[in-house]
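The block underneath contains the structure these notes are about, expressed in structure tokens.
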Amino acid sequence: MVSEGVFHRDIKAENVLIPTYGYSATEPSFHLAQLTDFGCAVCLGNDASDPGCRPPCASVRGTLDYLSPEVVSGLPYDPYLADMWALGVLLFEMVEGHPPFLAPTEAMTVRQIQGGDTLPLSPSTPQEVQQLCRQML
């Protein structure tokens, strides 16, 4: 997608499908996850794969729990980095079963995102996964 200059801007668990056809409880099978719902996507053209040529986005698109600090702050943002942030949230959610930000109100969630106040990963999470989450968030 990035090589074509397409940025999703609404990566979240609900938009990732994992096909179950051919599933067997006794034999492992591997399927590629499929990203769906490109309603918030933006196409910036082939040059957008080069960070130096990528124009910043200003419109807020996506789902609050997956928005990067720049997006929730209303600042111009790099859509590639915003998608990487959302993938980090998704990875955290896959490991822990909940998003890295849990607050009773949207305003508090925004403050947590802006401050980078993520919940900790479980100590049993492999160090490589913890490091990847830290790099993405």
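Glycine is no exception: its Cβ is also placed from the backbone N, Cα and C atoms.
TrEMBL has this to say about the protein:
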DOMAIN    1-137  domain 'Protein kinase'
ACT_SITE  ASP10  active site, proton acceptor
CROSSLNK  LYS12  SUMO2 cross-link
BINDING   GLU14, ASN15, ASP37  ATP binding site
Neighbours of GLU14, ASN15, ASP37 excl. site residues, C-beta within 8 Å of centre, ATP: ASP10, LYS12, ALA13, VAL16, LEU35, THR36
Recorded positions (ASP10, GLU14, ASP37), the one with most neighbouring Cβ atoms at 10 Å: ASP10
ASN15 (ATP binding site) CB neighbourhood, other CB atoms within 10 A: 20
Mapped DSSP class for ASN15 (ATP binding site), helix or strand or coil: helix
Three-state secondary structure, the residue listed as 'active site, proton acceptor' (per DSSP): coil
Pairwise Cα distance for the residue listed as 'active site, proton acceptor'/ASP37 (ATP binding site) [Å, integer]: 8
Recorded ATP site residues GLU14, ASN15, ASP37, farthest C-alpha pair in Å: 9
Where ASP37 (ATP binding site) sits in the secondary structure, as DSSP reduces it to three classes: coil
Distance, LYS12 (SUMO2 cross-link) to ASP37 (ATP binding site) (CA atoms, angstrom): 10
The domain 'Protein kinase' (1-137), counted residue by residue under DSSP: helix, strand, coil: 58 helix, 10 strand, 69 coil
Per-residue pLDDT averaged over the domain 'Protein kinase' (1-137), given as an integer: 85
